[in-house]
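According to TrEMBL:
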type	residues	note
TRANSMEM	A:20-40	transmembrane segment
DOMAIN	A:21-422	domain 'Oligosaccharyl transferase STT3 N-terminal'
TRANSMEM	A:88-107	transmembrane segment
TRANSMEM	A:119-138	transmembrane segment
TRANSMEM	A:144-163	transmembrane segment
TRANSMEM	A:175-191	transmembrane segment
TRANSMEM	A:211-234	transmembrane segment
TRANSMEM	A:246-267	transmembrane segment
TRANSMEM	A:273-291	transmembrane segment
TRANSMEM	A:303-329	transmembrane segment
TRANSMEM	A:364-384	transmembrane segment
TRANSMEM	A:391-409	transmembrane segment
REGION	A:439-463	region 'Disordered'
COMPBIAS	A:440-449	compositional bias 'Basic and acidic residues'
TRANSMEM	A:470-495	transmembrane segment
DOMAIN	A:543-593	domain 'STT3/PglB/AglB core'
REGION	A:726-749	region 'Disordered'
COMPBIAS	A:732-749	compositional bias 'Basic residues'
Amino acid sequence: MSADPLHVLANAGKGQSTRTVLRVIILCLIAAAAIASRLFSVIRFESIIHEFDPWFNFRATKYLVANGFYNFWNWFDDRTWHPLGRVTGGTLYPGLMVTSGAIYHALRTLTIPVDIRNICVLLAPAFSGLTAFAAYLLTNEMTTSSSAGLLAAVFMGITPGYISRSVAGSYDNEAIAIFLLVFTFYLWIKALKQGSMLWGALCALFYGYMVASWGGYAFITCLLPLHAFVLICMGRYSTRLYVSYTTWYALGTLASMQIPFVGFLPVKTSEHMPALGIFGFLQLLGFLDYVRSAIPGRQFQTFLWLFTGGVFSVALAALVVVTSAGIIAPWGGRFYSLWDTSYAKIHIPIIASVSEHQPTAWPAFFFDLNFLIWLFPAGVYLCFQQLADEHVFLVVYSLFGSYFAGVMVRLMLTLTPVVCVTAAVAASSLLDTYLSDKSPNPEEYHPEDSNDATSKKAPKAGLKSTNKPVVGIYGFVSKGVIVSAMTIYLLLFVLHCTWVTSNAYSSPSVVLASKMPDGSQHIIDDYREAYQWLRQNTKEDAKIMSWWDYGYQIGGMADRPTLVDNNTWNNTHIATVGKAMSSSEEVSYPIMRQHEVDYVLVVFGGLLGYSGDDINKFLWMVRIAEGIWPDEVKERDFFTPRGEYRVDGEATETMKNSLMYKMSYYNYNTLFPPGQAQDRVRGSRLPEVGPTLNVLDEAFTSENWIIRIYKVKDLDNLGRDHASAAAFERGQKKKRPAKRRGTRYLRTE
Amino acid sequence: MRWLPAFLSVCFAAGSLAAKKSTEVRFKEYHAKSLSSTPVKLSDASYRELTSTPRDYTVAVLLTAMDARYGCQLCREFQPEWDLLSRGWIKGDKKAESRLIFGTLDFSDGRDIFMSLGLQTAPVLYLFPPTVGAHTAASPEPIRYDFANGPQTAEQVHAWIARHTPDRPHPTLKRPINWMKWIVTTIITSGSLTAAYVAWPYVLPIIQSRNVWAAISLISILLFTSGHMFNHIRKVPYVAGDGRGGISYFAAGFQNQYGMETQIVAAMYGVLSFAAISLAIKVPRIADPKAQSVAVLAWGGVLFVMYSFLLSIFRIKNGGYPFSLPPFM
């Protein structure tokens with residue numbers, strides 16, 4: 001019996017049940033930290049949906065909650081892509097909306113009154129807590145160290161690479177998809193380790209959920225077969241692998257085909273072919289395995305050769321026939337751009353225009369992962385120590401993930417889980433070694449027999465560095481130095497994550513914030529101001545034309561039909577808008593009339609210095625339009641003869657006459673003294689005389705001129721064209737060619 | 001008297017050169033020329049003649065500068081594609097149903113034309129639409145092909161010409177089979193297969209070695225995470241001058257980098273990882289207490305200093321970054 005409190009404290013962590021309680025508490029705290037660090041934007045601004053895509057998801061969720069599941073599934077939306085409409089129910093990943101709808105109804109059943117918007121805003125932080133837990137489970141499958149899982153959970157919870165896509169309000173597919181990704185991997189490892197059909201089926205179930213939630217499911221579809229393939233190549237084929245893989249593939253593919261948007265893609269497109277191929281390959285291996293146990297060795301050799309040759313030639317012939325007959329589609333454009341990185345640039349400007357498809361520079365890696373980035377290779381190296389089946393998975397995932405993260409900024413998200421897991425393995429191995437209170441006795445050290453020991457048992461298969469037996473750390477100083485250094489790194493990591501989250505990833509981008517000279521915060525709310533204006537001052541079915549970036553926001557916030565939006569399914573329609581924006585008024589007006597456009601919305605940052613405006617995106621509009629009408633829109637015409645993209649007095653005629661230019665700078669020079677008008681984004685002085693607009697009327701300009709809305713004029717009452725009508729209004733008399741009278745002559749007939 | 005017809009025909013030929021020939025005659029003449037060798041090599045005079053109005057046929061002329069003196073890389077790259085395109089077209093259209101003639105005017109043969117057109121750059125591809133006849137275009141002005149996006153392939157130009165010559169046959173473009181490439185590929189494949197078969201017993205231990213695979217994995221991870229793919233895709237310069245005669249190793253800005261910069265970063269990550277691996281795996285296996293404590297302090301020091309350096313580099317890239325460690329504050 002010791003009442004000594006120190007002693008009690010020292011023994012606290014020893015018992016099994018105390019440890020479990022501690023773990024649960026720690027995991028709960030980690031989840032709380034993960035959620036808390038994602039709430040910056042809610043506290044600073046308000047509970048608001050961010051950016052672009054989330055607005056569509058939010059709108060779809062509201063539709064689901066209001067109209068029920070079956071109406072949602074068959075939803076044809078005639079308020080986007082006017083006049084085509086969009087089969088929304090069949091062209092989206094419904095997982096996210098269904099999840100929040102289910103939570104909404106569950107809470108309603110529990111008589112908790114909650115607004116659907118708050119569920120949508122807080123869904124991503126809530127799921128980040130679950131992701132941290134999934135990372136904990138996955139890491140525990142990899143190592144016996146008890147601290148690694150908890151470290152992985154912490155890393156996963158607060159690393160900016162994941163926070164970037166899951167702050168409160170960022171109501172996007174990735175919000176739940178990363179949890180599903182990590183959890184599917186956990187279930188896969190579990191199934192593989194035990195060779196269990198139950199775990200395999202669970203893995204397929206979550207895979208199906210993942211397919212329903214995010215297009216990035218192809219990452220799993222490619223990674224699991226790759227893992228199986230590597231295992232087979234290493235000579236590690238086993239019935240465990242057979243059972244788990246076939247269960248996952250058969251059930252998972254069936255599950256994924258239930259999503260209308262995916263449909264028959266899993267048996268048709270090339271990115272799903274590796275999974276199918278490995279499935280077939282495993283059947284062959286299973287068959288051979290069986291035959292080997294049934295017939296004698298010599299006959300088996302002959303059988304093997306004949307069988308392999310036969311199967312190979314049949315498969316090759318089938319592949320050639322099927323591909324040439326066009327049953328298997330060629331590589332999908334978005335996916336193909338991952339392999340041949342110059343492909344997208346040449347062939348698909350709309351892909352190249354999306355900033356998420358840009359490659360990743362090194363600062364982005366450090367920014368998103370901090371010190372995990374250098375613990376990551378160390379953790380991968382530690383995986384090579386044991387190299388069981390699950391470690392092979394980590395290695396394969398690391399290589400695959402880091403390649404794709406390097407090619408495309410957005411896929412940093414899929415790399416983050418493996419970085420957290422491997423870095424946690426490395427960090428916990430460091431901490432376990434240097435925090436252990438057991439030290440070897442220095443007096444037991446005999447220099448002469450140490451050489452014998454190594455030469456005797458040098459395992460051949462293992463790593464070179466692990467040939468010698470583990471001794472342990474002798475001195476207290478050594479331990480203290482390393483442990484305190486690690487503590488500093490971990491603290492720095494927490495500070496870094498908080499700083500990055502607070503500064504880089506917590507802006508809703510619908511509301512902009514700036515600092516006043518005295519340090520107080522100034523909110524720039526032009527977007528919502530303009531959308532609210534549209535909502536209140538225009539007809540219910542007034543069609544708004546804008547560049548596709550703003551389509552979802554107009555649909556979500558202003559509730560007005562749009563021509564194009566962020567679901568870029570119809571390139572021609574987008575190019576039509578691009579052409580209308582980049583052509584002169586005479587060309588644009590018929591296009592706008594044909595599409596029943598009532599209002600045109602442009603984003604202009606020249607007054608405020610807001611660089612994400614339409615003039616800066618303008619070249620993409622031109623390029624996309626040029627892809628469809630190469631004779632009418634030419635990118636070359638928008639550059640000066642010296643190859644510069646200019647908006648000032650030296651801009652080309654095509655540029656000055658384009659509708660976008662006119663709409664952006666219309667009346668802009670009235671804000672300044674004559675000749676002083678300046679564009680603060682491009683840093684150039686504008687010509688003294690601003691552009692004139694004949695076919696549009698300025699309808700609304702927001703406080704900081706970020707959003708400008710124009711009304712398309714109706715046809716002229718007197719049947720004149722708009723240019724002459726406007727000239728008449730301005731009081732310019734139409735110049736008539738002066739009648740020249742002929743010399744008079746006398747008729748003499 | 002057998003010389004008389006010959007003499008007469010020579011006279012007529014000379015006479016017809018001097019007089020303005022009709023469009024039909026011109027087309028027949030140049031089509032016959034292009035059947036023997038296409039694209040037709042033009043000079044000042046023949047260029048003027050071929051493109052003179054009225055014409056009831058289409059002319060595609062490449063104005064190029066092949067002479068090595070002018071150092072026109074693009075011209076030399078495009079020339080084989082142009083030859084391939086015109087040969088394929090003429091061969092597939094022997095009856096001249098598309099009424100298209102391909103011509104090439106080199107700068108050394110047609111200096112005056114270049115001057116009169118005010119051309120500063122080469123190559124330039126003009127398509128002269130017909131001004132009379134069934135396919136008359138709206139404007140007699142030639143259409144210029146845009147070479148702005150670097151070297152063009154025959155397929156792209158074929159599509160462009162086909163677009164501007166509607167409702168006429170467009171002979172399909174077929175690239176000749178590159179026999180040499182096939183032979184070389186076959187030989188190399190069989191050679192490497194043989195080599196692999198012979199070397200197999202020696203290679204197998206390397207393939208099965210965990211150390212080799214660990215090294216490959218770590219090196220590729222370091223390459224990918226230090227932005228190598230960015231260099232590959234964006235084709236960034238290796239280093240750049242800083243404007244004062246020195247070299248700047250680090251590009252300004254978060255979204256930008258140089259080739260050497262990524263190598264430095266990869267090396268730093270490598271050192272940091274290696275220090276972590278040593279501390280985690282190697283150091284606990286050192287049986288000598290003194291050597292061990294020295295190793296701990298050494299690797300711990302390397303780790304700390306290198307991380308501090310990495311943070312200081314990152315502060316160059318990201319101006320507002322507030323964190324740092326000594327000694328590189």
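Cβ atoms are placed via backbone N, Cα and C, with glycine included.
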Inquiry  = Please count the residues of the domain 'STT3/PglB/AglB core' (A:543-593) that DSSP assigns to helix (H, G, I), strand (E, B) and coil.
reply    = 32 helix, 4 strand, 15 coil
Ask   = Between the transmembrane segment (A:20-40) and the transmembrane segment (A:144-163), do 3 or more CB pairs sit under 8 angstroms, pairs being 6 or more residues apart?
value = yes
Message = Please report, as numbers and ranges, the same-chain residues at least 6 past the borders of the transmembrane segment (A:364-384) whose CB is under 8 Å from any CB of it.
response = 142, 155, 159-161, 164, 391, 394-395, 398, 405, 409, 412, 416, 419-427, 429, 463, 489, 492-493, 496-497, 500, 504
Note = Taking every residue in the domain 'STT3/PglB/AglB core' (A:543-593), the average pLDDT works out to 89
Ask   = If you count Cβ pairs under 8 Å, which stretch among A:20-40, A:119-138, A:211-234, A:246-267, A:273-291 touches the transmembrane segment (A:88-107) the most?
value = A:211-234
Key: Leading contact stretch, A:20-40, A:119-138, A:246-267, A:273-291, A:470-495 vs the transmembrane segment (A:211-234) - CB distance under 8 Å   = A:273-291
